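Quick look at what TrEMBL annotates:
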type: TRANSMEM; residues: 7-28; note: transmembrane segment
type: DOMAIN; residues: 167-252; note: domain 'PA'
type: DOMAIN; residues: 353-561; note: domain 'Peptidase M28'
type: DOMAIN; residues: 621-740; note: domain 'Transferrin receptor-like dimerisation'
Amino acid sequence: MQWVKVLGGLVGASALLGLGIILGHFAIPKGADAPAPGVSVSQDLDLEILESVMKQLDASKIRENLRELSREPHLASSPRDEALAQLLLQRWRDPESGLDAAEAPTYEVLLSFPSREQPNRVAVVGPTGTVLFSCRQSEQNLTGEQGGPDVVPPYAAYAPPGTPQGLLVYANRGTEEDFMELQTQGIRLEGTIALTRYGGTGRGAKAVNAAKHGVAGVLVYTDPADINDGHSSASQTFPNSWRLPPSGVERGSYYEYFGDPLTPYLPANPSSFRLNPDTVPGFPPIPTQPIGFEDAKILLCNLQGTLAPAAWQGALGCDYKLGPGFRPDGDFPADSQVNVSVHNRLELRNSSNVLGIIRGAVEPDRYVLYGNHRDSWVHGAVDPSSGTAVLLELSRVLGTLLKKGTWRPRRSIVFASWGAEEFGLIGSTEFTEEFFSKLQERTVAYINVDISVFANATLRAQGTPPVQSVIFSAAKQIPAPGLDGLSIYDNWIRYFNRSSTAYGLVPSLGSLGAGSDYAPFIHFLGISSMDIAYTYDRSKTSARIYPTYHTAFDTFGYVDKFVDPGFSSHQAVARTAGSVLLRLSDSLFLPLNVSDYGETLRNFLQAAQRDLGVLLEQHSISLGPLVTAVEKFEGAAAALGQRVSALQKDTPDPLQVRMLNDQLMLLERTFLNPRAFPEERYYSHVLWAPRTGSVATFPGLANACSRAMNTSLGSAAWAEVQRQLSILVVALEGAAATLRPVADL
């Protein structure tokens, strides 16, 4: 791939200048890549350049970017998706505001689409086979944008084809516990159709859980209680407010894993080995179809049977009952059934990533990555185009400085527009698979800005502990939109905060799951990562996400009128993410505070001691080695911080700076153990793997204890608890060793 050649070529040329230049990089590369006279290549962050970038980021240009990006639907691999890839290439190759290089590598990946010839259908069928009621096959065309030929009908990607028919049951959110509750109520689930609502568990897990209990098909809808604060009438919803209209249907991938389904751990290149599509793990086992809440109301409000538990009730205006089947005094004969006809098909398609590169002047072999996906389910104005609009504006400002010869970063910057994210983080995962070693060796951090603005109340950031300090530093210097005298940091702390033993009251930094393209970077590669966005005031809404998520109503007009009029929150995100990017690319010492990991480890340890200590003692398992390992890490992190402070007061040797920065960069990698979670694909970070246990502690320990809880002394489950504890101790001791002086073996 060309981006590797562009960066690698510069490193190779620098080798001619000697070992000190390769490692220290305080000499400026010669020849064609040398900066012009007057270019800012200072050894540390140039605050004047930073301030200039902040001022140039233009809300009106972000708005125009979004208008163009969301003008037409751009489903992954569609002609419009590829046209947008060309648009990014054009911008990044612009002679006045472009970057050093731009490429669009392509992968051949397995995607899932509904059949145009046989549309998916959900119907109530009478005893003689007569269709008594059919759910909508498309959303209502409220603004003239929902009825175009490129609007993909609602469907559950990767759900298998089939036409199951059976009595309807209501299964709440489709969790394992929900189906067990139905069985406890004496409901026979074999051969039924389960109506579930979004939330509570992953999309695909609903079908997996249902199939375990013999359910033949699954329907999924969004309840107004979960997304609209209970409002459901046409006058209360889009286009009259930001709320989801009754016909709105959330599309989504129901694939259990991420990455191309046929090439796990391998890039989806033509020569790569591929699994048999008929036996690929992770697809829903039974036909599944999403529907709107106006149709769900007709089905659910006609059910007979036991009244559903209070926690299962919603806002459709009736008492939710469990079924099975319809009540005799309702709209359908009592023995009517629901037919689910799914005709999805799997297709190999070409999907492009677009990469734009700015070569570093001093350390070109150190990469700061900034990315977002490009593809959407329909118009995707919020998801993902709000993030891409910010990406284009930030790269325009930096590209203009670059072309004018007034700035070049210390380290290389790689901008990325990922393909096929909506189908399971495919583009970013294939990229990490193809360049696994190079990225692990050279990547400083990954910045993800997917949905840049959910709403316009406050900043929301997620990330691993070392990035907390650089996000805080950026947020403190940027004014909060519409709030005179308050910084983004000041406003953020009003909405999301926590008490820190080290700093007092600070904004809460969320942890990273697998909801966007940061997942392969943190879980698979162990690269310090973050996700930055603006979001809503949770005291004013209980919506689990912005209401038109993954529907045909997520349009430019929706954003312009309801989400962020004036685009000041988009500008705030651009400034915050841009400041973080420049601090990571230009600072002499990487602004990654490894001591902040100590607070997380201490909290995890205390939770284990408090909630698991007695249980572990009963099985002769001691937390003593873990306590010692945490203490070692805390000591090593504090000592490293002192070394950084001492060097900052001096004129450090380039090699010293390089060695210390490598310790900061590589710390996250020490928490990887690819054999820690053999049941999980790509998850190898022992601190941030999925946690299924109820105790908020180290995930491997929490999960193992949860599984062993009711097993006998000396069982294999308790042996796994001991194994997970050993994995943790080794990882923490390895992390501490990485932070000690390089010469200390």
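Note: Cβ is positioned from N, Cα and C throughout, glycine not excepted.
Secondary structure by DSSP for the domain 'Transferrin receptor-like dimerisation' (621-740): 77 helix, 2 strand, 41 coil.
In the predicted model, the domain 'Transferrin receptor-like dimerisation' (621-740) shows an average pLDDT of 95. Residue counts for the domain 'PA' (167-252) by DSSP state, with H, G and I taken as helix and E and B as strand, are 26 helix, 16 strand, 44 coil.
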